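Peer 1: Got a structure for you, written out below as structure tokens; questions coming shortly.
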Amino acid sequence: MTRLQQRLEEALANLPEALRTSLTPIINTEFKGVISKEQFQSLQADSQLSDKELRLALLPLAAAFSVAPISNFYVGAIARGLTGNLYFGANMEYNDVQLGQTIHAEQSAISHAWIQGETGISDITINFSPCGHCRQFMNELTTADSLMVQLPERNEKSLQEYLPESFGPKDLGIEGGLLAPLSHNLALETESPLLRKALEAANRSHAPYSHNLSGIALEMESGEVYYGMYAENAAFNPSLPPLQVALVHANMSREDILTVKSAALVEDHKGAISHLAITQSTLEALNPDVTLEYASL
């Protein structure tokens, strides 16, 4: 049994019996942190829990995906997309790289929803109050004005209550936001499957400030490939590089992120920044033998 499965089963064992019985067929060795709208409704009917109570009860399962070798502080988050599906997320840390590469649980859940094709988040449930960094990250969303935040033992509040007089994309003249469906029509002639997958990700990236359209693809030792696209933020610092989004993709797919074998990064050369150097250093910390293909379009 993997460590993740052990954590999931420990969290499952602490749930009320009716919910545990209903959840057990879902939380199996193939579970990848997504609960469909229909599954959620079924769980609610079987457990007789309210919408809020059920989301809060599921948080320990989301936190089971945490990778926290530095803090040993396990945070879970659950983002509900506009489709009604729920996406788990958890904080992720890495040894031997600067702390700015850390992924917060809220960023993880939102990235997970984005990877799965969601175009907005209606609410997010977290087991600890969101830090200022995450409040600003969430303010980039297409649904920032209507996004609701649920914490344990508190009434649900809007993001704007957590971030009054906020600064966001509109202040810089940008319409839309993070998770808006995009296709930038970047093109690349290549025989490399990894570069082609990274190109697909770059074409979905959100980079209205630096214009660094960028995406990455990671091949794991298992042979599976995971991708990520750049999530830029109006406040700059809370931006999430494409590598981090891809690592969320891998982690929520039950992959050991230390087993990255090879990677490919694609960027638009017209961008004002580059992710190449930080991508190289972070990948090297994960696996010194990783190979990286790079294309600047």
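Cβ coordinates are placed from backbone N, Cα and C, and glycine is handled just like the others.
Annotations per TrEMBL:
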type	residues	note
ACT_SITE	Glu106	active site, proton donor
BINDING	Asn91, Met92, Glu93	substrate binding site
BINDING	His104, Cys131, Cys134	Zn(2+) binding site
DOMAIN	50-170	domain 'CMP/dCMP-type deaminase'
DOMAIN	189-297	domain 'CMP/dCMP-type deaminase'
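Buried or exposed, and what's around them? Tell me for each listed feature.
Peer 2: Here the Cβ of Glu106 (active site, proton donor) has 26 other Cβ atoms within 10 Å, regardless of which shown protein chain they belong to. In three-state terms derived from DSSP, Glu106 (active site, proton donor) belongs to a helical segment.
Under a cutoff of 8 A between CB atoms, and with a sequence separation of 6+ in the same chain, the neighbours of Met92 (substrate binding site) are Ser66, Val67, Ala68, Thr102, Ile103, Ser108, Gln244, Leu247, Val248, Asn251, Ile257. Look at Met92 (substrate binding site): DSSP puts it in a strand.
The Cβ of Cys131 (Zn(2+) binding site) has 13 neighbouring Cβ atoms from other residues within 10 Å, across all protein chains displayed.
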Peer 1: Around His104 (Zn(2+) binding site), how many other CB atoms lie within 10 A of its CB?
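Peer 2: Taking all protein chains shown, His104 (Zn(2+) binding site) has 22 Cβ neighbours within 10 Å.
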Peer 1: Within the same chain, and leaving aside His104, Cys131, Cys134, name every residue whose CB is within 8 angstroms of the centroid of the CB atoms belonging to the recorded Zn(2+) site, in sequence order.
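Peer 2: Neighbours within 8 Å of the Cβ centroid, excluding His104, Cys131, Cys134: Ala105, Glu106, Gln107, Pro130, Gly132, His133, Arg135, Phe137.
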Peer 1: Would you mind giving the whole-number mean pLDDT across the domain 'CMP/dCMP-type deaminase' (50-170)?
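Peer 2: PLDDT averaged over the stretch: 97.
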Peer 1: State the count of C-beta atoms found within 10 angstroms of the C-beta of Glu93 (substrate binding site), not counting that atom itself.
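Peer 2: Neighbour count, Cβ to Cβ under the 10 Å cut-off: 17.
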Peer 1: Of His104, Glu106, Cys134, which recorded positions are close to Asn91 (substrate binding site), meaning a Cα within 10 Å of its Cα?
Peer 2: His104, Glu106
